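Asks: First the structure, which I've put down as structure tokens, then a few questions once you've had a look.
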Amino acid sequence: MRRGSVMGVLMVLMGLVVMPLLVNGGGHDYGKALSKSLLFFEAQRSGVLPNTQRINWRSNSGLQDGKASGVDLVGGYYDAGDNVKFGLPMAFTVTMMSWGILEYGKQMAGSGELGHALDAVKWGTDYFIKAHPQPYVLYGEVGDGNTDHYCWQRPEDMTTDRRAYRIDSEHPGSDLAAETAAAMAAASMVFRTHDPAYSGELLNHAKQLFDFADKYRGKYDSSITVAQKYYRSYSGYADELLWSAAWMYQATNEEYYLDYLGNNGDSMGGTGWAMAEFGWDVKYAGAQVLASKFLMQGKAGRHTAVFERFQQKAEYFMCSCLGKGTRNVRRTPGGLLFRQRWNNMQFVTSASFLLTVYSDYLSSSSARNAITCSSGSASPSELLSFAKSQVDYILGDNPRATSYMVGYGSTYPQQVHHRASSIVSIKVDPSFVSCRGGYNTWFGRKGSDPNLLDGALVGGPDAYDNFADERDNYEQTEPATYNNAPILGVLARLGGGSGGYNQLLPVMLPNPSTPAMINPPNSTPHPKPSLPAPVTQTSSPIIVEQKATTSWRYNGRTYYRYSTVVTNNSGKTVTDLKLSLAKLYGPLWGLSKSGEAYAFPKWLNSLPAGKSFEFIYVQAASPIDVKVSGYTLV
């Protein structure tokens, strides 16, 4: 009973594109769906539950995890409907939760869910810190899928083998170590303003884990062989190394990781594999989207040609999902992306997230406003609209009028393939549930689960929109953490709107604290050319401040990335702003062209009193001349 990705031919998914049969005009409460999605992670918690626990039918479990190996491995998440802690999908889950927060944390804060999202990430990273006791040691699994699947017990009653399995320098696992590094790096950015000390600790672990993954190469399931039947690494580890390098670059801004992406993009398949799948096993599309983001931010530098190839493959993914590519992802008659019968939902939510963030990257870029597919172009709004259609299908706009999120809508799965939710809570009936007794009493029981697994996304319908709500139908009724993790950001985006944010600029999560300066031990600073002095230009009531934020050498020339902040220093709102730019020789992001002048970016219509916005440009020259040529105060 496993939700694995069987790659077959790694390159693409083939299938027919069929238009949806059903269009439901009713809207959805994305904020409510986001709240429920976060509740699901509380139901998946292992260890000592906090007093803030909201899923109160769960209790403490796995309290001896790691003890036999002399290490504390209490905590973390159960991956799905079983009681095993699998490191690879858990790490991917945390990476995707963190990515959603980094892109759409302000929208989460607006709906009151940012705190719960941070808690969900930290529950995972606290465990990873324990699982990484030495630089070249990482525990990647607790429990054994074979013995676990023989039993049907709530986690509080577990009698199954809780052996811990690890990778080390003699038994490597580059995919596992790299994905865990990505999770730690992404989470370090999430906590940078909320908890600088914790952020620094995560980043130190991330650096060590990336070094471990790259230095001692090998597939993790060759070292942790008990994982092969459940989470086999079909794609190998090259995709995780690229994906992890992208996250390390974002978290550290160190050119070493940017160079790693640029120097290895071709040889490791990042610029070669044209993917139509993204998930816990296959990370190429995610790495390609992140590399595209760096390109659109003007950060690619001397690796621009390589990053452009990354972007071509990222857009191949988008075109394949939209049905405009050379080989498109199959869809059900009702319009749902379909990859495989076994937990297809994981691919739907992950694709929806990539479509959503790429849409916002394009909208934030002044250089590009569409992608080119073999069957025509696609605008950012088209990408977002298609992602929305997938979410709406999940929430009930489908031929069965069924929500595949437990607890959302009037009709949703009642017999979820999930040990804890299908057995009466230990708080209601503390009688011990034995290994086989659980099968005899609870597994085959016809009727709704005694505990509501609020927010869980189950495996979903088959290729023809059919779905059997039966507990033994694990292919369709089992949920998983990596189904829910990617949809968090999409739900926040759909519920909160773009809100005038530029996704190519750093997202500062709502918190007044000041970030700490992080200097991990053994890190070697890379020499940089000296940066030009900041330039401030005032044209009351508009203040323009420019500074170079980074630089690099390429073909004997020094290139600078300039940040320009425009501030409304008046007591009124500024509209119809016009800027004249002189001595601009390179690409620019964050402004819209308006005749001979430049205007607010697409995502901004006005600038309230005291507020600022930023645009950036790259060139091998001193800062441009910026003049305010027009504005209106209202």
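Any Cβ shown, glycine's included, is placed from N, Cα and C.
Just so you know, TrEMBL annotations never went through curation; they're auto-generated.
Per TrEMBL, signal peptide is recorded for 1-25. The active site annotation in TrEMBL covers HIS417, ASP469, GLU478. Per TrEMBL, the feature domain 'Carbohydrate binding' maps to 542-622.
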Asks: Which of ASP469, GLU478 has the fewest nearby Cβ atoms, counting only those within 10 Å, among these active-site residues?
Replies: ASP469
Asks: How many Å separate the Cα atoms of HIS417 (active site) and GLU478 (active site)?
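Replies: Rounded to the nearest whole number, the Cα-Cα distance is 5 Å.
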Asks: What are the helix, strand and coil residue counts for the domain 'Carbohydrate binding' (542-622) according to DSSP?
Replies: 0 helix, 52 strand, 29 coil
Asks: Over the domain 'Carbohydrate binding' (542-622), what does the predicted model average in pLDDT?
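Replies: Per the prediction, mean pLDDT sits at 83 for the domain 'Carbohydrate binding' (542-622).
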Asks: Looking only at C-alpha atoms, tell me how far GLU478 (active site) is from ASP469 (active site), rounded to the nearest Å.
Replies: 10
